[in-house]
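Please read the structure below before turning to the comments.
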Amino acid sequence: MTLLPLNVRGAVTRRRGKILAGPIDVRLEGMGITIVIGPNGSGKTSLLRMLHGIARLSEGGIEWACPMDEARKRQAFVFQRPVVLHRSVLANVAFPLRLRGVARGVARERAMAWVRRVGLDEMADRPGTDLSGGESQKLAIARALVIEPDLVFLDEPCASLDGSAIREIEALLLEAAASGTRIVMSTHDMGQARRLADEIWFLHRGRLHESGPAANFLTDPQTPSARAFLNGDIVE
Amino acid sequence: MNDLWDGLVQAGWLVITLDPELVEITLRSLQVTLTALVIACFIAFPVAALLSVRRFRLRRLVIAVLNALMGLPPVVVGLIVYVLLSRSGPFGVLGLLFTPTAMIIAQVIIIVPLIASIAHQSLRDLWAQYHDLLISMNATQGQRIRALLWDARRALLTAALAGFGRAIGEVGAIMIVGGNIDNATRVLTTAIALETGRGDFALALGLGFVLIGLAVAVNLAIHRLGRTEVEGRW
């Protein structure tokens, strides 16, 4: 049974009565990378958290193609500020496997393969908390991908990173997408959106103002707010 | 000053000659306190983790009560345990009064709130960091608690050492429930109280220095075992 398509109908997430995102109607399917863009406070983080199921769905429905608990197991989330467990780099990456009951030896082996892939092999036995910002984010991405999820949400994974760290992370994501992992990622960096996006969702004030193939959106946005955003105007 | 000096000399002499009585009460002190500590940790750590991970209605109240109980007066605990264990008390049939077991029970009651409170402080902070990630990963409650306890192990060690410190130096409760019986329930602190009462300050001080040395030695040993100062920050 597949995870996608995902059907979202009138989904709203609220906190203390205030709408953080929604109502949102959208369908997620196919392959590739969906980039969520929009100004600060437009609800990008809340939308991703709501879809992933870590923010309460106050209204509407989120329907996966498979049962909910199955769906939860097939996706991973990478936070804007990476959460590093107080254990070694290798143990961090092995952690989600251990949660799923994978035997210690097997988990360590599979984790080590990912630690190598993200280029942290020299740090494998060091405490995870010793890593720099870029390294922590690579650790978080390895930890998300090690369970071979069908879908990964990334919430501005490159915020406060620069240069080579961004390039390495983008390469990892493109590679993951090429091997069949569906990716939904928010960013406020239009350059990054251009480099990665197959599809773009434009959020503004919690609403999905525009969504569609990246090429169409980037060359010919339909809504005034999206046009203003792409022009680099300040959209509030 | 003379008394202090005599005490030091006495302490040195007791240690060097491995005075059999000193060895006996020191070992009993260690046995009672370490047993109480292990039992208390098995109770306090899961309680602290549960209080961090779970949201239930009386959570805040439980935390406030635990914090308040950190200052539980040992004499009162001793008195209550005494009443419970005495012949006419509800647990009188067990015949535990004036045994090391009674002393262990009293010490467990005294140090559980202390260990749980200190452990809860650090587990709560760690949970704030881990919360989103563990929920995202669908960790079960048991897995969350295990991850917290394992990753906070250094902080838990500190909590345990605080509990050890309170238990090893405690005299009020174990005096009441143990009775300071020679060869049976006499430990370092009760012996010190006895010798002070008798006016043998040198011996009392000697025992006191041994007690301090013991506390320092145990702390060092546990730190060495936990390699606290060597690696990492957690």
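A Cβ is built for glycine as well, from the same backbone N, Cα and C atoms used for every other residue.
Caution: TrEMBL annotation is automatic and unverified by curators.
Annotation source TrEMBL lists domain 'ABC transmembrane type-1' at B:26-222.
As annotated by TrEMBL, transmembrane segment applies to B:30-51 (among others).
Annotated transmembrane segment per TrEMBL: B:63-85 (among others), in sequence order. Within the same chain, residues 47, 51, 91-92, 94, 96-97, 102, 105-106, 109-110, 113-114, 116-117, 120, 170-177 sit at least 6 positions outside the transmembrane segment (B:63-85) and bring their C-beta atoms closer than 8 Å to a C-beta of that stretch.
Taking Cβ pairs closer than 8 Å, the transmembrane segment (B:91-116) reaches residues 28, 31-33, 35-37, 39-41, 43-45, 47-48, 51, 66-67, 69-70, 72, 74, 77-78, 81-82, 84-85, 159-160, 162-163, 166-167, 170, 173-174, 176-179, 181, 184-185, 187 in its own chain, all 6 or more past its ends. As annotated by TrEMBL, transmembrane segment applies to B:91-116 (among others).
Per TrEMBL, the feature transmembrane segment maps to B:155-181 (among others).
Among the features that TrEMBL reports, transmembrane segment is placed at B:201-222 (among others). Residues 3-4, 6-11, 13-15, 22, 25-26, 29-30, 157, 160-161, 164-165, 168-169, 188-189, 191-192, 195 of the same chain lie 6 or more positions beyond the ends of the transmembrane segment (B:201-222) yet place their CB under 8 Å from a CB of it.
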